[in-house]
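Engineer: Mind looking over this structure? Questions follow.
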Amino acid sequence: MTTGATSTAGTGLEDGPRRARHESELRDHGLRVTAARLAVLDAVEVQQHADADDVLRAARTALGSVSVQAVYDVLHTLTDKGLVRRIEPAGHPARYERRLGDNHHHVVCRGCGAVADVDCTVGHAPCLTPSSTAGFRIDTAEVTFWGLCPDCAD
């Protein structure tokens, strides 16, 4: 069920399986379905490891007009609700992705900042076990590998 408030006809967010899935995910997480939320979810899904500027450009392409603050607010909400994951490579802008729940890691290019996924070497989270937990119950391990992508290595 889509309300008139979320009409995005002609914007690239027309009805389809991905839009229906995004609408369902928003509702399942207690969120209203809005054009901005749909555009941001779609942008992050299509452009894995997108930064906020990438998401803003994609949302503006889809919607015609959306404020910078609206995109940041939506990214914050979607991150808090667990619909997107925020990664923060040191010295680079935060990136967002939709690959959730598998405790994968990332490799970042020191030259251009490109980010790629690196699968965990063990099939369950966390795939690394610390020598001491200091009483914490560990559920995730974040590892960032650094190097040069094929384009920058040439």
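Cβ atoms here come from the backbone N, Cα and C positions, even for glycine.
In TrEMBL, annotation is done automatically, which means it is predicted and not curated.
Note that the coordinates shown come from a computational prediction; the quantities given were computed from them, not determined experimentally.
For reference, TrEMBL lists these features for the protein:
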- 1-12: compositional bias 'Low complexity' (COMPBIAS)
- 1-28: region 'Disordered' (REGION)
- 15-28: compositional bias 'Basic and acidic residues' (COMPBIAS)
- C109, C112, C149, C152: Zn(2+) binding site (BINDING)
Engineer: Which one, from the binding-site residues C109, C149, C152, has the smallest tally of other C-beta atoms lying within 10 Å of its C-beta?
Structural biologist: C152
Engineer: Determine, from DSSP, whether C152 (Zn(2+) binding site) sits in helix, strand or coil.
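Structural biologist: Where C152 (Zn(2+) binding site) sits, the three-state DSSP reduction gives helix.
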Engineer: Hey, does DSSP put C112 (Zn(2+) binding site) in a helix, a strand, or just coil?
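Structural biologist: In the DSSP reduction, C112 (Zn(2+) binding site) maps to coil.
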Engineer: Quick check: which same-chain residues outside C109, C112, C149, C152 lie with their CB within 8 A of the centre of the Zn(2+) site CB atoms?
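Structural biologist: Other same-chain residues with Cβ inside the cutoff are R110, G111, G113, A114, L148, P150, D151, A153.
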Engineer: Residues with Cβ closer than 8 Å to the Cβ of C112 (Zn(2+) binding site), same chain and 6+ apart in sequence?
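Structural biologist: Same-chain residues close to C112 (Zn(2+) binding site) (Cβ under 8 Å, separated by 6 or more) are C149, D151, C152.
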Engineer: Can you count helix, strand and coil residues in the compositional bias 'Basic and acidic residues' (15-28) using DSSP?
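Structural biologist: Tallied per class, the compositional bias 'Basic and acidic residues' (15-28) gives 12 helix, 0 strand, 2 coil.
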